[in-house]
Structures are given as C-alpha cells and as structure tokens.
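S.K.: Annotations for this protein, taken from TrEMBL, read as follows:
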type    : residues                               : note
REGION  : 1-21                                   : region 'Disordered'
DOMAIN  : 31-222                                 : domain 'FtsK'
BINDING : G58, E59, P60, G61, A62, G63, K64, S65 : ATP binding site
Amino acid sequence: MSSFNPKSVFPRRTPGATPALRAPKGALSIYDPAYLGLDARDRAVRVGLMYRNILIGGEPGAGKSVAQGNIVAHAALCTDVDLILIDGKIVELLPYAPVAKEFVGNDMTKALRVLRGLQTDLDERYLHLARTGRKKIVPGDGFRAKLLCIDELAYFTVTVGTKDQQEEFRTLVRDIVARGRAAGIITIASTQRPSADIVPTSLRDLFGYRLAFRCATDSSSDIILGTGWASQGHTAVDIEPEALGVGLLRAEGGFPRRLKTALLEDHHVNQIVRRAAHLRRAA
Ligand SMILES: Nc1ncnc2c1ncn2[C@@H]1O[C@H](COP(=O)(O)OP(=O)(O)OP(=O)(O)O)[C@@H](O)[C@H]1O
C-alpha cells in the first residue's frame, strides 16, 4: 500500500492567497482555505479560517472530532499560526500536542490561565490596531495568527470546576470569539450538547461557520445552524445514523450545505504531525 502523502489531502497554496512570511518550502499558510471534505456532488469543500470562527455540534460519535481534526491538521502545516488546544477528553487533540504552542487537557485552572493569556494578547492586538488606525491584523504586523480549538465546550462550562470557574470560562470564550476575528485569533469550538445553556444564541451568532452533525432534535440542529432552518427543511436530524462524518455546513449566512468530511486515520495524523514539526522547526 502506498504511503499517505499529506500534500494530497492538503493541496498546494491557493494562487493569490496571502503568502506566509518566511515560510519554508512546502508549508501552508493559515490564509489558505482548509480542506474539510466533499459536498453532495463530490465537490471539495474548503473553509477559509482567517478572520472566522467555527462552531461544531452534534450527537456523540457523529463526526465532530474528525471534522475538527481536519482543521487542526491543516493549521498544523501552516507555519504562520500558533495552535492552542483545549481538550477536555485529552485524546482527541493530543496527537497535535507536539506542534501546539499550548495543550490543555482536563485541567480547568490551566484552561483559564491560557484563555486569560489570549485575552491579554487580544487587548494588545486591539491597541496596535487603534494606534495604526486599522481594523484587522494583517501579515507583517508582527502578530502571529492563533488558532484556539476547544473540544467539548460543555466539559468546561458545566462539568468540571467551580461555578465561578465555569462562568469565567464562558466569559473568556465569548470575548475571544467576539473580538478574535479581526485580531487574527480563530476559535473552533465543538459540543455534543447543542442546547441553549451550552451554546446560547448570543454566542452561536458569533460563529461565521456552523457545522451540525446528526442531532437528536430540530431545536438542537437549529442551535448550531441558526434559528428557523429546521422548519425550512434543513435539519441535522435527517442525517442517517450510519452516515458518520456527514454534516450540514452553514457558511457566513448562506444555506446549510451537506458534506462528508475527510477521514484522517491515526497514521495519517502521525505523518502530518511529523511533517508539521519539521516545517515549524525550519520556519
Ligand atoms: N468522515 C468520516 N468518514 C468515515 N468515518 C467517520 C467519519 N467521521 C467520523 N467517522 C467515524 O465515526 C467515529 C466517531 O467520529 P468522531 O470521533 O469524530 O465523533 P464525535 O462526534 O467527535 O464523537 P464524541 O462526541 O463522542 O467525541 C470515528 O471514529 C470514525 O470511525
């Protein structure tokens, strides 16, 4: 069997995309779109990550971690972004820990410390924007992009820690999602509990991309995609239970679009992380 080639899954840089500064040969840029999978007509689905946030929800085992892994794998190969990974389950994002700036497992104290650091960073970035009279961070500003990935929002907002810690976690995440886009800080958050207490509308609406895998109820599906979509026939309840990795992607106010994510097996991930480590050392 031929060996897996990360270049075949993560295509070469998009012509015209902003080049990564001093990127080693073969590196990707976070300004390049990330490959997520195929749509119902077998067309490639790519998502631009820079200046965007992504919310992923759905039942346990429906495909959230695989989708999130595709995005983190893309970002790992981009030498112009720092990865900040918070994974209450530890095992989903752990393979990427060697190339992450921060990796937090099921540790609320550390998660809060890392989020507070990101908030301080945000403040500095906005000061810079105010001083330079601009509205968003661009390459050459001296600020690296950051990708914050939180696997299982509910773990940190209702399960572990004290009520005060959970509230602080919610407040920090909301601020980072709300202000991060222009400041070059991208957030990807997933939850297997798409309910109003975990993802209130005011938080959901800050995410430009929403990806709903199979949900138990129309209201759970709407909590991810946006109110009213189920009544118009766009509901993740209709995704067959055996259709693993199939979800509805709603991008920036558009219609939900059915897609099947690409599946990276463990050995693919190991190869990607080795290559990412090499590229990052060379950058
Ligand atoms: N695109 C895909 N193609 C084929 N199989 C897939 C795909 N996505 C997911 N699966 C299968 O479904 C399993 C569960 O997927 P995944 O771990 O992403 O679910 P999850 O929604 O994150 O679950 P949990 O909430 O329990 O963490 C995977 O281990 C894999 O076997």
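The backbone N, Cα and C atoms fix where each Cβ goes, and this holds for glycine too.
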S.K.: Could you work out which of the binding-site residues (G58, P60, G61, G63) has its C-beta surrounded by the smallest number of other C-beta atoms within 10 A?
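M.R.: If we count Cβ atoms within 10 Å for the binding-site residues G58, P60, G61, G63, the smallest count is at P60.
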S.K.: Tell me the coarse DSSP state (helix, strand, coil) of G63 (ATP binding site).
M.R.: coil
S.K.: For the domain 'FtsK' (31-222), provide the mean pLDDT of the predicted model.
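M.R.: Mean pLDDT for the domain 'FtsK' (31-222): 95.
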S.K.: For the binding-site residues E59, K64, S65, which one has its C-beta crowded by the most other C-beta atoms within 10 angstroms?
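M.R.: Output for this query is K64.
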S.K.: Around A62 (ATP binding site), how many other C-beta atoms are within 10 angstroms of its C-beta?
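M.R.: Around the Cβ of A62 (ATP binding site), 24 other Cβ atoms lie within 10 Å.
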